[in-house]
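What TrEMBL lists as transmembrane segment is 13-32, 44-63, 75-97, 103-128, 140-160, 172-194, 206-226, 232-250, 262-283.
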Amino acid sequence: MAVQKKYHLDVKILTRLLFTIYMPVFVFVQMYQIDISVEILKETLIFLVLLHILLYLLTKLYIKVKGIEKEKAAAIINSVLYYNCGNYGIPLIMLVFPGNSLAFSIQIIVIVFQTILPFTHGIITINAGKKPLKEICLDLAKLPFLYAIPLGYLFQYLNIKIPNPILIPLNYVYDGFIAIALLTLGFQLANISWRFSFNKVLITNILRLIISPIIALFIVTLFGITGVTAQVLIISSAVPTALNVVLLAIEYDNEPEFASQVVLSTTILSVITMTLVIVLVRLI
């Protein structure tokens, strides 16, 4: 943040770098390394789709009741739907379930899902009403990471071994994704004025940190998902708003200040809410 205050670097350059290089490699490596049974994959995907739909409908209801303008509405929706299951969720799951490969594999599926959705549905949400659907779809088709997903899965499914001279550099880029993303967030935080839209930020925090795990509990109970799978999915649903929300807000000029405020506030408050969720989940 201090560097940004002094040098006023262009945050959009970093977001373009993330979108075109780091994100595709990150997704490809994740898909290439994933190893999980079809049954667990099916349960996890059903859960994630239902959670996404229910959170979306609930957030849209709040927006409609309050009559919130389109740009702020898109920022709120993305802030509720997309959560930090990577650099926050992975260490958390590894801490709560040490050495449990099933828990780690489930979390990887969550990460892949939560990587795809912001850069597809999230972009559509931001651009709805601004661009025709055809133009939005053409913009999506230009995103390299969309092609990295099937390519990574194809390599994994066909058991294609990537030579070390290629895999090692890919892993270096993969490892750098979180660092560059966090650096981008720091630069964006340095740019904001800190005039909080208190009510909207508060409601977004409640939806992300409290309502989301409650809905998650409802879904796992409804579908009879139990054990480690249920615990991981509920814990993962309660993590703070994803950094990707800020990256999208910067790239498409959609309330980047609000998005940054939500990412920061949900991350701070999650210290309390996440502790409670973990304690309660252990009782399942």
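Cβ from N, Cα, C; glycine included.
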Legend entry - Long-range neighbours of the transmembrane segment (262-283), counting only residues six or more past its ends (CB under 8 A): 75, 79, 84, 88, 92, 96, 185, 189, 201, 204-205, 208-210, 213, 230-231, 234-235, 238-243, 245-246
Legend entry - the transmembrane segment (103-128) versus listed stretches 44-63, 140-160, 232-250: most Cβ pairs under 8 Å: 232-250
